[in-house]
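Novice: Taken from Swiss-Prot, the feature GTP binding site covers 12-19, 59-63, 121-124, and the record attributes it to sequence analysis. Look at Swiss-Prot and you will find 4-171 tagged as domain 'Era-type G'. Per Swiss-Prot, domain 'KH type-2' is recorded for 202-280. Among the features that Swiss-Prot reports, region 'G1' is placed at 12-19, with the record citing sequence analysis. The region 'G2' annotation in Swiss-Prot covers 38-42 and is backed by sequence analysis. Sequence annotations record features per position, and here Swiss-Prot assigns region 'G4' to 121-124 based on sequence analysis.
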Amino acid sequence: MTFKSGFVAILGRPNVGKSTFLNHVMGQKIAIMSDKAQTTRNKIMGIYTTDKEQIVFIDTPGIHKPKTALGDFMVEAAYSTLREVDTVLFMVPADEPRGKGDDMIIERLKAAKVPVILVVNKIDKVHPDQLLAQIDDFRQQMDFKEIVPISALQGNNVSRLVDILSENLEEGFQYFPEDQITDHPERFLVSEMIREKVLMLTREEIPHSVAVVIDSMKRDEETDKVHIRATIMVERDSQKGIIIGKGGSMLKKIGSMARRDIELMLGDKVFLETWVKVKKNWRDKKLDLADFGYNKKEY
């Protein structure tokens, strides 16, 4: 039997549902999610393998007009995938009109010479007439290989989209073992799960100012628990106070919620210790960006 494989990038503006889609396809959490824009900062692979095929999805940071060095890193990480994939899924929301951000991405896609499938997400939020108008508007902007409306949250049409990708795969190698679901190490996934809880529980400027560093992660032979020490980095003392909360209540809540997700992922009991440190303006310092896991050399 012929084995087929290929690489598929998921591109789009922030908050259009790229990570929700990837997690639904994979059947488990690979990429963190929140209602905050620019939640995804790194490229994250989701490796979907059957006995006949392997589709390597690359979830990318939302493309936006960058205002910091971190923003530059995120946008470059997204666009760099155009050089390394066989197909692009360009995801747009059904419930928002086409904007300047979409037009900017479309111009880059036209120049990339890669087959592009338009994925219109969040169809559960709109009337069919609005959906048809949205599809017609985007259809006039460029020549898409396919146009597929979906609801990543509810799963509508997601399997159909995967089938379309499968039909267009070419004969190729199995790049990853069948039990590997992502390219990122466990430490990265743990740091992202902690950051997700910070995003979920805080507001205003804090989400964009947070990075999480895993200081150590090892099994304690006496308790048979995975002992994790993590530092939450922020840019200002006021942000540190908010994350710690009154009497440490917010930090305790972040740790408790993150620990449950980490235990599900690792399949082990976890002892999680968290600290909060201030590193002023880290998002604009390239050395700090690399220390916190945002290194262009890896992309």
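Keep in mind that glycine also has a Cβ here, set from the backbone N, Cα and C atoms.
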Novice: If you count CB neighbours within 10 Å, which one among the binding-site residues Asn15, Thr60 has the smallest count?
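Specialist: Per-residue Cβ counts within 10 Å for the binding-site residues Asn15, Thr60 bottom out at Asn15.
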Novice: Could you tell me what the rest of the chain brings near the region 'G4' (121-124), counting residues at least six beyond its ends with Cβ under 8 Å?
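Specialist: For the region 'G4' (121-124), the list is 16-17, 21, 91-95, 131, 149-154, 156-157.
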Novice: What is the three-state DSSP composition of the region 'G1' (12-19), stated as helix, strand and coil residue counts?
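Specialist: Counts, helix then strand then coil: 2 helix, 1 strand, 5 coil.
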Novice: When DSSP is mapped onto helix/strand/coil, what comes out for Ile123 (GTP binding site)?
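Specialist: Helix, per DSSP.
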Novice: What is the number of other Cβ atoms found within 10 Å of the Cβ of Lys18 (GTP binding site)?
Specialist: 31
Novice: If you average the pLDDT over the domain 'KH type-2' (202-280), what number do you get?
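Specialist: Result for the domain 'KH type-2' (202-280): average pLDDT 87.
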